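S.K.: Handing you this structure, nothing more for now.
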Amino acid sequence: MSTWMMFMFQESNSLYADNLVSFHNMVMIIVIMISTLTVYIIFDLFLNKFSNLYLLKNHNIEIIWMIVPIVILLIICFPSLKILYLIDEIVNPFFSIKSIGHQWYWSYEYPEFNNIEFYSYMLNYSDLNQFRLLETDNRMIIPMKIPLRLITTSTDVIHSWTVPSLGIKVDAVPGRINQLNLISKRPGIFFGQCSEICGMNHSFMPIMVESTSFKYFMNWIYKMN
């Protein structure tokens, strides 16, 4: 989860989040290199003696500044597309979880387990011995290290189901079903919030995901049934 003075990503807890962080680092290295080169050229132009003052054209330079940006864009493009398809492609999920956005709370369904269904509301301030605006009365429970399918939609306006540490952000659109892969690589409790402005209480739509062992998950399913 986010903390004060945190300027980087949250600690990644899924393969997708790892890939996104690595991609971000690669892009930032490219941006820093380009920025450094640009600043150097600017200072060099100010400090030189105008030795190329009457240079009107140079085909070699023009070819270089056309090819180099194309190569840089391709270097950025291919990893980006790979991550995009990895997140969107559903490969043999163990089961599906349906997340439905409402104004201003979430509901969850487990269709493969006797249609378990429950609502998830933000806890009141008076209940706080926990994290402000992030704790919910019911958590979405998932088994760790098992590929799942998250299906999301909405009953009213557009919401967005987002858990940064899992590398997940998917819009919940009324009348439409979106899906993506969901997998956690370690046990823990992960926090998120609705990331699409959806009305007056948009800021009070927290998401709480608990990743547990498969044995504990099945015990929870048994109790819910």
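Cβ atoms here come from the backbone N, Cα and C positions, even for glycine.
So Swiss-Prot lists these for the protein:
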TOPO_DOM  1-25  topological domain 'Mitochondrial intermembrane'
TRANSMEM  26-47  transmembrane segment
TOPO_DOM  48-62  topological domain 'Mitochondrial matrix'
TRANSMEM  63-82  transmembrane segment
TOPO_DOM  83-225  topological domain 'Mitochondrial intermembrane'
BINDING   HIS159, CYS194, CYS198, MET205  Cu cation A1 binding site
BINDING   GLU196  Mg(2+) binding site
S.K.: Under a three-state reading of DSSP, tell me whether HIS159 (Cu cation A1 binding site) is helix, strand or coil.
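M.R.: Strand, per DSSP.
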S.K.: Within 8 Å of the centroid of the Cβ atoms of HIS159, CYS194, CYS198, MET205, which other residues of that chain place their own Cβ, given that this set defines the recorded Cu cation A1 site?
M.R.: GLY101, GLN103, TRP104, VAL157, SER160, ALA172, GLN193, SER195, GLU196, GLY199, HIS202
S.K.: What is the number of residues in the topological domain 'Mitochondrial intermembrane' (83-225) that are helix, strand and coil, as DSSP sees it?
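M.R.: The counts are 26 helix, 60 strand, 57 coil.
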S.K.: Looking only at CYS194, CYS198, MET205, the binding-site residues on record, which one has the least crowded Cβ, with the fewest other Cβ atoms within 10 Å?
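M.R.: Each of the binding-site residues CYS194, CYS198, MET205 was scored; lowest Cβ tally within 10 Å is CYS198.
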S.K.: Here are some binding-site residues: HIS159, GLU196. Which one has the most Cβ atoms within 10 Å of its Cβ?
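M.R.: The most densely surrounded of these binding-site residues is HIS159.
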S.K.: So what's the average pLDDT for the topological domain 'Mitochondrial matrix' (48-62)?
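M.R.: That stretch averages a pLDDT of 74.
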